[in-house]
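S.K.: Feature list, courtesy of Swiss-Prot:
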{"type": "SIGNAL", "residues": "1-24", "note": "signal peptide"}
{"type": "DOMAIN", "residues": "25-214", "note": "domain 'GH16'"}
{"type": "ACT_SITE", "residues": "GLU104", "note": "active site, proton donor"}
{"type": "BINDING", "residues": "GLU104, HIS117, THR118, ASN119, ASN127, ARG128, GLU129, ASP193, TRP194, GLY198, ARG272", "note": "xyloglucan binding site"}
{"type": "DISULFID", "residues": "CYS223-CYS234", "note": "disulfide bond"}
{"type": "DISULFID", "residues": "CYS267-CYS281", "note": "disulfide bond"}
Amino acid sequence: MAAFTTKQSLLLLSLLLLISLSAGSFYDNFDITWGNGRANIVESGQLLTCTLDKISGSGFQSKKEYLFGKIDMKMKLVAGNSAGTVTAYYLSSKGETWDEIDFEFLGNVTGQPYVLHTNVFTGGKGNREMQFYLWFDPTADFHTYTVLWNPLNIIFLVDGIPIRVFKNNEANGVAYPKSQPMKIYSSLWEADDWATQGGKVKTDWTNAPFSASYKSFNDVDCCSRTSLLNWVTCNANSNSWMWTTLNSNQYGQMKWVQDDYMIYNYCTDFKRFPQGLPTECNLN
């Protein structure tokens, strides 16, 4: 194999640096907010870990607020017996009428699958849960979890595959998050009163500390701000994400996920809504 020239080596170094910068440093983008040392940023800002023990969990939040965007995070979840643990990754605004977009990963006993719990809150109202099993082991390696939020819809994606869409149906009286900036939050915590098999399986603290890892954060395609008056450019030259909806191929992918891996859908829970399903269920 031919040796690299100096020019080639510099080009390769520049490319690697660009890849590193595009992934986003956790030092630059996030603050650890709780856990008393149980959350740590390592590997020169490229990896963040959250841990949970019997005393406390841990968590972090973004420095920026976002009003629409395509946000990626690679995550590797708690391995082994993770029963009773919840790894939450979500966007949320503040106040009593907050908006929120949720990924929550509910742990399970060894050999049993995680449950991916999703929800959308508008004006402080949620009750829009959809739950899934994953088609891979989320503890064996990192996988990418994406929220694409624009004026038209909110799309939840796993490794680029859409699993759920919440459309803007304001014209039909359904509230839609479009005016309240949100921060990104994530935490690892214990909720064994409900998280695993409805609370039947409790956390086995002999397996603690539990740990989840994060890397390759990407918020390049976003409208964001770092202060009330400091809005960052919304990448006007590359903002195809701002008007993205699912194409026919992506609808096919989502149908595959929902047919084969969905385990709960609020839009089919007639017992929960005896007076009639939420309006959007008949529109989406």
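Going from the start of the chain as shown, residues are counted 1 onward.
Cβ atoms are placed via backbone N, Cα and C, with glycine included.
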S.K.: Just how many other Cβ atoms lie inside 10 Å of the Cβ on ASN127 (xyloglucan binding site)?
M.R.: 12
S.K.: ASN127 (xyloglucan binding site): which of the recorded positions GLU104, CYS223, CYS234, CYS267, CYS281 is the nearest Cα neighbour?
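M.R.: Checking each of GLU104, CYS223, CYS234, CYS267, CYS281 against ASN127 (xyloglucan binding site), the shortest Cα distance is to CYS267.
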S.K.: When DSSP is mapped onto helix/strand/coil, what comes out for CYS281 (disulfide bond)?
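M.R.: DSSP assigns CYS281 (disulfide bond) to helix.
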S.K.: Considering only the recorded positions GLU104, GLU129, CYS223, CYS234, which residue has the minimal Cα-Cα separation from CYS267 (disulfide bond)?
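M.R.: Given the candidates GLU104, GLU129, CYS223, CYS234, the nearest one is GLU129.
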S.K.: Helix, strand or coil at GLU104 (active site, proton donor), per DSSP?
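M.R.: SS state of GLU104 (active site, proton donor) = strand.
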S.K.: Would you kindly give the Cα-Cα distance separating THR118 (xyloglucan binding site) and CYS234 (disulfide bond), rounded to the nearest Å?
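M.R.: Spelling it out, the Cα of CYS234 (disulfide bond) and the Cα of THR118 (xyloglucan binding site) are 26 Å apart.
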S.K.: Closest to TRP194 (xyloglucan binding site): which of the recorded positions GLU104, CYS223, CYS281, going by Cα position?
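M.R.: Closest candidate to TRP194 (xyloglucan binding site), judged by Cα separation, is GLU104.
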S.K.: For THR118 (xyloglucan binding site), which DSSP three-state class applies?
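M.R.: Going by the DSSP assignment, THR118 (xyloglucan binding site) falls within a strand, counted as strand.
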S.K.: Determine the C-alpha span of the xyloglucan site listed in the record, that is the greatest distance between any two of GLU104, HIS117, THR118, ASN119, ASN127, ARG128, GLU129, ASP193, TRP194, GLY198, ARG272, in Å to the nearest whole number.
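M.R.: Those residues reach a largest Cα separation of 21 Å.
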S.K.: According to DSSP, collapsed to three classes, what secondary structure does GLU129 (xyloglucan binding site) have?
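M.R.: Coil, per DSSP.
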S.K.: Mean pLDDT for the domain 'GH16' (25-214), rounded to an integer?
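M.R.: Looking only at the domain 'GH16' (25-214), pLDDT averages out to 96.
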